[in-house]
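Enquirer: Heads up, here are the entries from TrEMBL:
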TRANSMEM  27-52  transmembrane segment
DOMAIN    43-294  domain 'G-protein coupled receptors family 1 profile'
TRANSMEM  64-88  transmembrane segment
TRANSMEM  100-122  transmembrane segment
TRANSMEM  143-165  transmembrane segment
TRANSMEM  199-223  transmembrane segment
TRANSMEM  244-266  transmembrane segment
TRANSMEM  272-296  transmembrane segment
C-alpha cells in the first residue's frame, strides 16, 4: 500500500463524499442545502448590518449577538464551496494543505461560537443578577476584550491540532466521510500512529466546548437562583423571557454537537448517509436558526430589520 506524507513527491489528495448511497439524488438534495446556506448567509448578514447601523442597538447584548452572527457567517462560508461543489459538480478532490486549512477554520469558528455563547450567558447573568452595574461592568472596552480572548483562545488551541495532522502519513485510500474536512475523519485515514492526535482532539473539545458548556450551566444556575428570589411572578417571567433566545441558541448548538458525537461513537449500525446528514445539520442548523430566533423573540432586532427593509424598499 502506498504511503503518502508531506515529503513525498506525490501530493496527498483527499476525496470528499456527498450523500452516501444516494448518488442519483444529490442534485435534488443540493436544493435544500443551497436554501439553508442562503438563509444562513442572508439572515446573519442582516443581523450584523442592523446591529452596526442602528445606534439603539449599540448595547452589550447586541454586540454579543453581532459576534454570534459573525461566527455563524464564517462557519457557513467554511463549508459552502466544498459542500455545494460536491453536490453540484462532483468536485470531490481536495489536497492536504487545503483540507487542513478548512479543518482549522471550521473547528476554530465552531469553538468560537461556543465561546460567544458563554459570553452571552455572562451578559444575561450580569443583566439579571446585577442590573445596576450592567453598563459599568460590560463596557465597550471589556466587550472588545472578551471578543479578542475568545478569538485568541480558540485559534491557539487549534494550531497544535493542525500541526500534528501535518506530521501524519496517509495511505492511498483517502476517501473522507463528509463534504468537508473534519479532524476525526482525516486522522482516521492515517497509516501512522494517531493516538496523540486523538488525545489532542479530545483535549481541545473539553478545553473549549466542554469548558464553555460548564460555565454556561453555572451561569443559568445562578440566574435561576436570583430570579426565584424576585417576589413578583410577572417580574420573574420578564426576567426569564430575556434569556429565551440565548437558551434556544445554546440548545441548537450543543444538542446537535452531542448527538453527532454519540452517533459517531455508538451508531456504527446506522446507514452512512445518516452520519453525513447529521454532520451537515450540526454545521447548518445554528447559523440558520439563530437569526430567526433572535428576530422573532427580540423586539428591538425585529423593529430594526423591518426599518432596514422598508428603507431599502423606498430607495428602490
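Backbone N, Cα and C atoms are what each Cβ position is placed from, and that goes for glycine too.
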Enquirer: Restricting to the domain 'G-protein coupled receptors family 1 profile' (43-294), report the mean pLDDT as a whole number.
Expert: 90
Enquirer: Which listed stretch (100-122, 143-165, 199-223, 244-266, 272-296) has the most C-beta pairs under 8 A with the transmembrane segment (27-52)?
Expert: 272-296
Enquirer: For the transmembrane segment (143-165), find every same-chain residue at least 6 residues outside the stretch whose CB is under 8 Å from a CB in it, and list them.
Expert: 60, 63-64, 67, 100, 103-104, 107-108, 111-112, 115-116, 119, 122, 183, 186-187, 196-197, 200-201, 204, 207-208
